[in-house]
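Single-structure report; data block below.
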Amino acid sequence: MESVTPWPPIGWEARTWVPSVPSDLVSRRVRERHRGPYDSAVVPRIAAQQVHLPSAILAIADEASIEIARFDAESGARLAPFGAILLRSESTSSSRIENLTSGAKAVALAELGATDQRNAVEIVGNVHAMQTAIDLSGHLDENLVLAMHSALMSAVDSESAGQWRTEQVWIGGDSYGPHGATFVPPHHDHVPEAMADLMAFTRRDDIPILAHSAISHAQFETIHPFTDGNGRTGRALIHSMLRAKELTPNVTVPIAAGLLTDVDAYFSALTAYRAGDLAPIVTAVAEASFAAITNARQLVSEISGTRQRWDSMIRVRPQAMSWRVADLALRIPVFDTETLARELGTTASNALRALSPLVEAGILTEFTGMRRNRMWQAREILDALDAFAARAGRRSLG
């Protein structure tokens, strides 16, 4: 059997629990269950920790990295805006892991500020977090993490957005206290130092990229530095690292869509990491990459085919602005007049004239039925995005 140097597991420390909920609001049984000290995790420092993985696990991660790089090159070479399309798809998939689901049209409406549907608004926040992860990937430090979290949570929790937590959190159990929880992350006093150590680890250049990203993600989830949004921020960190280390210079490979094929295995891998076993989380991220790329290739193929079909349906001169409207509809499949004019860099009247040939061809449809505040949709693109999301939850993509 191959021998590898063990990864340090988490430790534990006893902490005194001071309930934030008045005792007269809960039963005596609940009060008794949460009496006395509780144990919270103490995460090991990993900035200089040597990473040793079995050769079989390294081989899987290396194979996945090759596929990721190949898909990134394929998608980046296309004229269609697949960077934006795939980033939104990954944001939706990552949110779905946290049981936040919404259709492509609802998410698009939330991006326009045209709906207050909570799940859609939160998914848009994740789109912003993912974009921040990519935009600031040249700076792998604590400020990047805080910026991602701020982008994620500002619309739903402005007070805690972009702030390390200042209270104890726990996973599982009940809302009154940490006693009986499945996992109690480090006390909030330890968060700043633990995050500084983690981000120093992310900046190393001596670890295979995909394994490095998976381990960093698992350490992040163990620290659990925020009161909410940890999973989505932690998965965005993976993409910051893949971009920073130039494995994905062009697009966002929707790894979370692959994780959706076996969420239980993903969560079990995070649990195994806390016990000092790196192999499951590296394997989970690598296997998720294969599933994600298979699904994403189908999405790219469907959208490319749709765009080519539109070319034969639009009857305008080659230099007409209408072609730009067609390209815009791939990236923003629901839009209003203001958005259309802004994206085209023209007046509202000129934008509407450019839009008209696509409406006449049935490519775009107005769906409000109103004379004012009208909005249009590219139904085929929305359907392709919803189909991608549906496939992401299947173990078999056939």
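The count begins at 1 with the first shown residue.
Glycine too: its Cβ is placed from the backbone N, Cα and C atoms.
Given the structure is predicted, the values throughout are model-derived calculations rather than measurements.
Annotated features in TrEMBL:
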ACT_SITE  His224  active site
BINDING   Asp228, Gly229, Asn230, Gly231, Arg232, Thr233, Gly234, Arg235  ATP binding site
DOMAIN    140-287  domain 'Fido'
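Sequence features, as recorded in TrEMBL, placed on the structure.
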{"residue": "His224", "record": "active site", "DSSP (3 states)": "coil"}
{"residue": "Gly229", "record": "ATP binding site", "DSSP (3 states)": "coil"}
{"residue": "Gly234", "record": "ATP binding site", "DSSP (3 states)": "helix"}
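Taking Cβ-Cβ distances under 8 Å and a sequence separation of 6 or more, the neighbours of Thr233 (ATP binding site) in its chain are Ala129, Val145, Met148, His149, Leu152, Phe220, Phe226. In this structure, the CA atom of the residue listed as 'active site' is 9 Å away from the CA atom of Gly234 (ATP binding site). Summarised by DSSP class, the composition of the domain 'Fido' (140-287) is 86 helix, 2 strand, 60 coil.
The sparsest Cβ neighbourhood within 10 Å, among the listed binding-site residues (Gly229, Gly231, Gly234), is found at Gly231. Close to the recorded ATP site, the chain also has Glu98, His149, Leu152, Glu221, Phe226, Ala236: residues not among Asp228, Gly229, Asn230, Gly231, Arg232, Thr233, Gly234, Arg235 whose Cβ is within 8 Å of the site's Cβ mean position. Within 10 Å of the C-beta of Arg232 (ATP binding site) there are 27 other C-beta atoms, taking all protein chains into account. Close to Arg235 (ATP binding site) in the fold, though at least 6 residues off in sequence, lie Ser94, Ile97, His217, Ile255, Ala256, Leu259, each with a CB less than 8 Å from its CB.
Mean predicted confidence for the domain 'Fido' (140-287): the pLDDT average there is 97. Around Asn230 (ATP binding site), the C-beta neighbours below 8 angstroms that are at least 6 residues distant in the chain are Phe220, Glu221, His224.
Taking the Cβ of Asp228 (ATP binding site) as centre and 10 Å as the limit, one finds 18 other Cβ atoms among all the protein chains shown.
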